[in-house]
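Participant: My questions all concern the structure below.
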Amino acid sequence: MNTDIDNEDSLYPIAVLLDELRADDVNFRLNAIRRLSTIALALGVQRTRDELIPFLDESIDDEDEVLLALAEELGNFVEYVGGKDHAHIILGPLENLAAVEETLVRDKAVESLTKVAIVLSQQQIEEYYIPLIKRLGSGDWFTSRTSACGLYAAAYQTATPSSQDELRSMFKQLCQDDTPMVRRAAAANLGKFAKKIPKEQVVLDIIPLFSKLAQDEQDSVRLLTVEDLVAIAEILTKEESKTYLLQTLRSMVSDKSWRVRYMIAENFVKIAKAVGEEVTRDDLVLAFVHLLKDNEAEVRTAASGQVPGFAQNIDKQTILLHILPCVKDLVTDTSQHVRASLATQISGLAPILGKEATTEHLLPLFLQLLKDEFPDVRLNIISKLEQVNEVIGIELLSQNLLPAIVELAEDKQWRVRLAIIDYIPLLASQLGVAFFDEKLGNLCMSWLGDNVYSIREAATVNLKKLTEVFGVEWAKTTIIPKVLAMGNHPNYLYRMTTIFAITTMAPAVTPEVIRDYILPTVNNLVSDPIPNIRFNVAKSYEVLIPVLKQSQETVVLLDAQVKPALDKLREDSDADVKYFAEKALLAGYQ
């Protein structure tokens, strides 16, 4: 009797979940699908194969989001049906999902089918998977044929030689399909398929398909063949690439559709590496120049992003002769997006050109970009100055660019000011303390009073980093007095910044500095009228306590000054102040 009750108990959650799969509310069904592995574990492998999978096969008529979740779950279902020997059972529901109308569901079903295909034996591939590809590939609706295109690569190497011939023949049919969407799917998967095929077959079967798709009347098909070109070139030798692919590549570079030229520009470095030095030198340099001068801003933007990567594949003289004049033109390009893209990448030319050429040719361009009216351009050039510094040294960099950097430190766009702050510690470490105090010291203090919180926060972190660079003695005489003076400012934001600054700097200074300078200021702010300041004082004590414990001379201050202050804050009328005082006491006095 008890056994029957136990069985009922074990099946109860499964019944609930199966009811949820049939529920009217889509959220119930979605949750049930996401817990399919739980159902399968409870049912066991035999009942999962006999009951759950057939049930799922019938559940294909549902909302797209439920079907998407189902397609994803089934890709990880091999262990729940009894391992790879029974994995082919999952193919049924996935085949149905691969033929639905919604693209996201189909794509996820194809992804799961390829996952399952990897664990199938040759017999299972021949008996179940290849017939599935045939059914999808010959479907009346284009949706199933597009899905079929993504399934060939996973099965090819496991299939028998005669089936491999058949798979290549079927893929060829899809490449010549009347529907552009199917040809698009074929073009998107051609490169992956080519990587699974021996080179002789690639030359005989795949390259003719590639050439035909690359000349397709639809630019949406042609643009997808750019990545196929890279994949095929990686299979061939450099000489074979020149023989079989160069003519098509030349056509692509000058394609009448800007979207195809954009894809070429976006993948230009990969193409150059794949086709080799000779083709790059003889054909691609001028092709790249044309892309940098393209009529469409999107193409110029993509090409700008490839400048340093492409420059690594050609000699210095060619860069100076052909690429640099284009770069100079792009610095004043009418499109801000082109200039922003170039600003991100241009510093990558410095290590390639070396100190002399960088100083002569690139520094004037950096200066121009630093003064660009578009904030993203200024931001991008600042964030990449480190590469230039490594090549020409801080002295040259500061002489040429420091005035512009100081100007940007007061830029009206706060993100530009933030980027400058992030760069200051690096600049400081290389300029030296005297130069820094003279040129940048006041600037660093002025950020503490900025009207943007993120700038004030970054400025306090900046002071900590500067203390680590120049030492505690420098901080004690140069910045700590200025920071502490703000603790008496009538504006509460300045007092808040003082607390933030000394809390952030505390780990970088000595216990003696905390005792003599910082602690008296924090103690004064315990009675501040603003609750926000009082709870930040409590947070500050939490950070100061571990530092005070480091020295025998300062540890006595914990009971003499810190604990009474926290006890006072613990009795505060404000709930947040109480909370942070309690937290500091717990952390520091356990």
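Positions of Cβ are set from backbone N, Cα and C atoms, glycine also.
According to TrEMBL, the protein carries these features:
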DOMAIN    364-507  domain 'Phosphatase 2A Regulatory Subunit A helical'
REPEAT    90-128  repeat 'HEAT'
REPEAT    167-202  repeat 'HEAT'
REPEAT    206-244  repeat 'HEAT'
REPEAT    245-283  repeat 'HEAT'
REPEAT    284-322  repeat 'HEAT'
REPEAT    323-361  repeat 'HEAT'
REPEAT    362-400  repeat 'HEAT'
REPEAT    401-439  repeat 'HEAT'
REPEAT    518-552  repeat 'HEAT'
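Context for these features, please: burial, neighbours, distances.
Facilitator: The average pLDDT computed for the repeat 'HEAT' (90-128) is 86.
Note on the repeat 'HEAT' (167-202): DSSP counts are 28 helix, 0 strand, 8 coil.
With a threshold of 8 Å between CB atoms, the same-chain residues lying at least 6 positions outside the repeat 'HEAT' (206-244) that come near it are 171-172, 175-176, 180, 183-184, 186-188, 190-195, 197, 199, 251-252, 255, 257, 259-260, 262-264, 266-267, 270-271, 274-279.
Taking Cβ pairs closer than 8 Å, the repeat 'HEAT' (323-361) reaches residues 285, 288-289, 292-293, 297-298, 300-302, 304-312, 314, 316, 368-369, 372, 374, 376-378, 380-381, 383-388, 390-393, 396 in its own chain, all 6 or more past its ends.
Through the fold, the repeat 'HEAT' (362-400) approaches residues 327-328, 331-332, 336, 339-340, 342-351, 353-355, 407-408, 411, 413, 415-416, 419-420, 422-423, 426-427, 430-431, 435 of its own chain, all at least 6 residues removed from its boundaries and within a Cβ separation under 8 Å.
Same-chain residues lying 6 or more positions outside the repeat 'HEAT' (401-439) and placing a CB less than 8 Å from one of its CB atoms are 363, 366-367, 370-371, 375, 378-379, 382-383, 385-386, 389, 394, 447, 450, 452, 454-455, 458-459, 462, 465-466, 468-470, 474, 478.
Sequence-distant neighbours of the repeat 'HEAT' (518-552) (same chain, 6+ residues past either end, Cβ-Cβ under 8 Å): 480, 484, 487, 492, 495-496, 498-500, 502-503, 505-507, 509-512, 558, 561-562, 565-566, 568-569, 572, 574, 576-577, 579-581, 583-584, 587-588.
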Participant: Mind checking which residues reach the repeat 'HEAT' (245-283)? Cβ under 8 Å, same chain, six or more beyond either end.
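Facilitator: Counting only partners 6 or more residues beyond its ends, the repeat 'HEAT' (245-283) has Cβ contacts under 8 Å with 207, 210-211, 214-215, 219-220, 222-227, 229-230, 232-234, 236, 238, 290-291, 294-296, 298-299, 302-303, 305-306, 309-310, 313-314, 318.
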Participant: For a three-state summary based on DSSP, what are the helix, strand and coil counts in the repeat 'HEAT' (206-244)?
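Facilitator: Helix, strand, coil within the repeat 'HEAT' (206-244): 31 helix, 0 strand, 8 coil.
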Participant: Go ahead and report the DSSP secondary structure tallies for the repeat 'HEAT' (362-400): helix first, then strand, then coil.
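Facilitator: The repeat 'HEAT' (362-400) comes out at 33 helix, 0 strand, 6 coil.
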Participant: Could you give me three numbers for the repeat 'HEAT' (323-361), the DSSP helix, strand and coil residue counts?
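Facilitator: Split into helix, strand and coil, the repeat 'HEAT' (323-361) gives 35 helix, 0 strand, 4 coil.
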